[in-house]
């Protein structure tokens, strides 16, 4: 091999391979280095082409020369005789004559050795005699405690694999390891309080964190530092009692981060506040305003902690949900602000609202549910038209005039009554209306007003079908729904395409309402119910026949320039979203319908608001606003009085 390459070529090759000359001839190592250098020196990898060529040529030359030198050392399998023959025995002896495996050494027999060396046994646990051997890993002592000291068990949680989060923990380990864990826990969790205690040769760490954690989080952090030492971590449920027990014999306090330790006030104040606050009172408030938003309820109730005598919202008397209940809940709100479980209290109150709504859905008829909704709207009118409100009845009556001009040759009063009858009767396969037409023709505006009038939710089905489950789950316990702006295929290239219509075609059981369907929300069990009726709004898309037959009525909207102009000039309607409010349609019904058309329990409210409308808006003023809509003018603009009409006419005789 020394004659395969010259001395200079050998040095150059080893230099290119990045290996010392002592490794020359170590072909496995040289080949590994060669493959690595080829990747580095390849021109495509940014290497030098000439250097790469030099490396490859030298290595190939060495490899070819070495193979040629070793050609005589091998043999062919064809030279081996048949196994078992006399020729094979002779060949086998010749083949092995250079391999002498016999050991010629002699050993002196010791007196301690047993006769027959084959009986000697070596223990697996015998320590190596060589001083350079790796020391064996220490094993955890079998005498390690399996549980917390008995004196402390009454103060600790016995839960196993619990996901509950807490702020107080007790760590039990060796005395030596407790010193390390004390410093590491202080760095990691920035505890409100931490102390280290001693029990014989064992250590305990009492830990209070500023935020809540699972027991597993503390255990996983500490176990990375305890490969040999035993470790037990448990949550503390009686914090002050546990701390006091750790400070008396047989325990010894070693160190704590707060000089003087803790007193009972540190633990008892939040507990006393949570005990004294009335959960029932908060639940009743949420039910009275029908608030199913956890964070809204939390914010509203915190506002009650302000003294009612200095509360600006109570002085203004604009928000009924505030000034009506402030004085009653002031004392309870003061205790509520000191609680650490505010979210849990509000969550229970919100759950009570959802439970009440579900009971109503299960027990009341749809006509009774609609009456409850109308009663809610009548009460809301009191708040909307309060003395300090920016809008008045005339503003909403302007919205009534705009709606009456929305669909030519259609009586809007009869239109709304037919829709109410449709959703109340809820007849299978005759439950959905479809609003279709060009862009900006009022489809969504009317659908939103009807949805607010009856109550319900708007749904988006323009998404992949496998993601619709939770979107449809929004309809749980709702009176009506609106499938808003459903997209599909259209001959109009200006309209975006979508899969909403295809998804609706696959939801026939939902639209028909003949059988119950499964609806689901996150973190809640599936609920089986009849899917609520409602409206589908869409632009000029192509509806398949299988979907058309599931609409009991299809209304085609047309673009009317005077509606667009009048709405643009009457900014008050868009600013306060008058046209999207169910209150506008309710006033339309009160204005045009007889009192007997409503349920008997609503008659006093209907009579009251008919009188209010007649007092605020005369019949002549109503006709004037309607004429402004048809002319594309500001609806609330008053024309010059000609002196012809001098008296206010009652609307009861009209229609």
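Heads up, the Cβ atoms here are built off N, Cα and C, so glycines get one too.
Taken from Swiss-Prot, the feature domain 'J' covers 12-84. Swiss-Prot lists 101-105 with the feature motif 'LXCXE motif', giving similarity to another entry as the kind of evidence. Per Swiss-Prot, phosphoserine is recorded for 110. Taken from Swiss-Prot, the feature zinc finger covers 274-366, and the record attributes it to sequence analysis. According to Swiss-Prot, the Zn(2+) binding site annotation covers 311, 314, 322, 326. If you look up Swiss-Prot, you'll see 411-570 marked as domain 'SF3 helicase', on the strength of sequence analysis.
Locations of recorded Swiss-Prot features on the structure.
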residue: 311; record: Zn(2+) binding site; Cβ neighbours (10 Å): 17
residue: 314; record: Zn(2+) binding site; Cβ neighbours (10 Å): 18
residue: 322; record: Zn(2+) binding site; Cβ neighbours (10 Å): 17
residue: 326; record: Zn(2+) binding site; Cβ neighbours (10 Å): 20
Legend entry - the zinc finger (274-366): DSSP-derived helix, strand, coil residue counts: 69 helix, 0 strand, 24 coil
Legend entry - Zn(2+) site, defined by 311, 314, 322, 326: further same-chain residues with Cβ within 8 Å of the Cβ centre: 303, 304, 306, 308, 313, 323, 327
